[in-house]
Every structure is written in structure tokens, then in C-alpha cells.
Amino acid sequence: MGIKNLTSLIEENAPSAIKSNDLKSYSGRIVAIDASTSMYQFLIAINTEMGAALMNANGETTSHLQGMFYRTIKLMTRGIKPIYVFDGKAPVLKSGELAKRYARRKEAEQQLEEANEVGNSEDVQKFQKRTISASRKQNEECKKLLELMGVPIVQAPCEAEAQCAELCKGGKAWATGSEDMDSLTLGTTILLRRLTFSEARKLPIMEIELEKVLDGLDLTHDQFVDLCILLGCDYCDTIKGIGPKKSFDMITKHKNIQTVIQNIDRTKNPIPESFPYEEVRELFKNPDVIKCQDLPEIVWKEPDVDGLIKYLVGEMGFNETRVQQGIEKLKKYKDTGVQTRIDTFFPMIKRPRDEDAGSAKKKQKTVAKPGAAGSKKKPAAKKAAGKK
């Protein structure tokens, strides 16, 4: 899910942090991709476009493999070097959210059954989307496919978004590819959304830069984390009556959640029973990840042609001609080679931010910068000429 209303809040208060690009703009970039959100997009897209999931002769769903194979080839032929990161065990704090999701899926399954009986195609499609989730088996199938393609994977001990952020902060990747906005809360330097969307949707990539978000909102990263908790995340409930605008205003004024709590009217804004904000804050700031220095070398290998044909065509029932065409594109990419941009290997240097970021900004606005309008000096040569 990510962070509620964070995208719209950034669009309104830090618009320069967001820009739109096409895929080719990221040629030479290494991108850590959240595999779970990608798989969900593939399952949704193919169900929507085809009206049903793709299946092999044994009745097994293959939509996730279809999407993973062809979209990864598309990324690589555009010069992007993907690293797919898979979720590990969900944190204990997320158990409440997972239980809610399970209940919503069960409810959607019942509604889907009723919509099918009535024959309402719009409702069928709507409820069908709500029942979709990637299974553990589908995760393992995608891992196998990527290994055969020669694409590196990382198994996160916990949340994939947190591991993606660690890869970015440690200089192993330039950006995170995910739909979850909490990637920014976790400290990813650049977030790319819609990276694995179907091309049929014709949506540009949305790029969000964390440092520009903090500048635009005039917050430190610690304050931003507290803002995200107030907005609503996967790990705790929200305070009733405090929406996105009020959350932003209160963090801007009070700087942290504990001071916000001290200054609200608890009759109007009751604190929920489950509001372990200190634990959630710690989870965002120090998540369970494999540190970059402890990871094995990340390498893009030659595709296993025979293995791919055996798996996709022999086991999964894919069209052999199309698979061969995909493999040829992969091989061509490997033969041509795309040079990784040099700045990919260096983590973005964060400028020191005072806890009272607002006062620093005010000072900045009142002091003229060297070379700025109103502070230009006349060239020395002209001064000398005037003395003659």
C-alpha cells in the first residue's frame, strides 16, 4: 500500500521533486525493482487485457511469468539493468495490515461470485482485481525464470522496498522501481513508479527524488518519517480527524509525533489503541536488510537458452517462436552491452540538514549568493580602464 496521500502531498508542496520520463531516459541505469509489486502489476494487467489469467495445459497461472519475461526484456533492451528484490518475512508490525488485506480479498471473492451470477462484466473485472495476489509458488517461479535469463535477484530478509533502498544508499543501484511510496520513507534516493506497467496503458515513468521532496516540504528525513506515519502506513493505525494537510502542518510546526500528540485535542482526535509510532519509526529508519557490503557480487549473466526453452515452452506451455524471439533480444542486448553510467556507483550525497530546516531556508533566501542578481561585481579590466 505504501503511504496514504503522499503522492498528492508532494505534487502540491514539492512539485519539482517529480518528473516524467520515458524508458530510454534510464539507459545505463541500475534499478532495484520490488518484485512483488511488479508481479502484482503483471497479474492485474494480463487479467484486464485478456479478461482472464493466462494458464498452461495443467491449469496453472502463467500471467506472472509472461509479464516478467517480456517486460524485463523491454527494460534491458532500453539499456536498463534490473536487479529484482523479493520480499522475505513480513515484520510483526505488519500483521494487522495483512489480516485486513486477507479479509478484503475474501470479501472480494464473495462479491466476484455474485457478479458472475448476475453477469455484470464491470463488477466482475473490479472484484477480480481485488482478489489477485502473488503466491509463494509464483514468487519461486519468477526467481527461476530470472536466473535462467541471467538477471540478478536479491532475497530480502524482510521487506523488499527496504532492501531496494539499501541498494540505492549503498551505491549498488541508482533507483528503486516500485509502486510503494514508503520506498522514500525508507530512504531510497530516487523512486521510479510505473516502471513495470503494461505499455498498453501508455503512462510515462514517474521519477521522484527524495532530496527534492525534503527540500520542497522543508523537512529533515526524520521529520518526513514522522509525517509518513501520521499520513498512514502499513504498520499502525492513524489518528482520527488528522488528514494529509493537517498532518503536514502539524509536523511542520511541532517537528515530531510526540510533540504533535501533546498538542492535539484528544476528544476530537483520539489516539488509536494500536499506535506504536516509536517502533514504526525505528522500522523505517533501521529496517531488517542485508547491508551492501555483505551482499555477494551482483552480476548480469548470459541467458541459459536451453533452460529457458525447456522451462517456458516445455513446462509452462509458452509459444516457442515468441520465446525464441525474446531470447534473441536478450542475447543481442548482452552482445551489444550497455555501459553503466558512472554516477550509478556513487550513492547520492545528502547535504546536512539542520533539525530546524525552516530557519536555515529563511536565512538562505535573505543572503544574496555570489554571482546572483544584485551581487555581481564589475570585471577587473573595466575597473582598470576607468582609472585611465
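Using the three backbone atoms N, Cα and C, a Cβ is placed for every residue, glycine included.
Just so it is clear, the model here is predicted, and its values are computed rather than measured.
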Could you check which of 257-265, 275-283, 284-292, 338-346 is flagged in Swiss-Prot as region 'Interaction with PCNA'?
338-346
Besides Asp180, Asp182, which of Asp222, Asp226, Asp234, Asp237 does Swiss-Prot list for that Mg(2+) 2 site?
Asp234
Name the one residue among Asp87, Asp215 that Swiss-Prot lists for the same Mg(2+) 1 site as Asp34, Glu159, Glu161.
Asp87
Note down the number of other Cβ atoms within 10 Å of the Cβ of Asp182 (Mg(2+) 2 binding site), including every protein chain shown.
23
Look up Asp87 (Mg(2+) 1 binding site) in the DSSP assignment and report helix, strand or coil.
coil
If you compare CA-to-CA distances from Asp34 (Mg(2+) 1 binding site) to each of the binding-site residues Arg71, Asp180, Asp182, Asp234, which comes out shortest?
Asp180
Under 8 Å between C-beta atoms and at least six apart in sequence, can you list the same-chain neighbours of Glu161 (Mg(2+) 1 binding site), or say none if there are none?
Asp34, Thr176, Ser178, Asp180, Asp182, Ser183, Leu186, Thr188
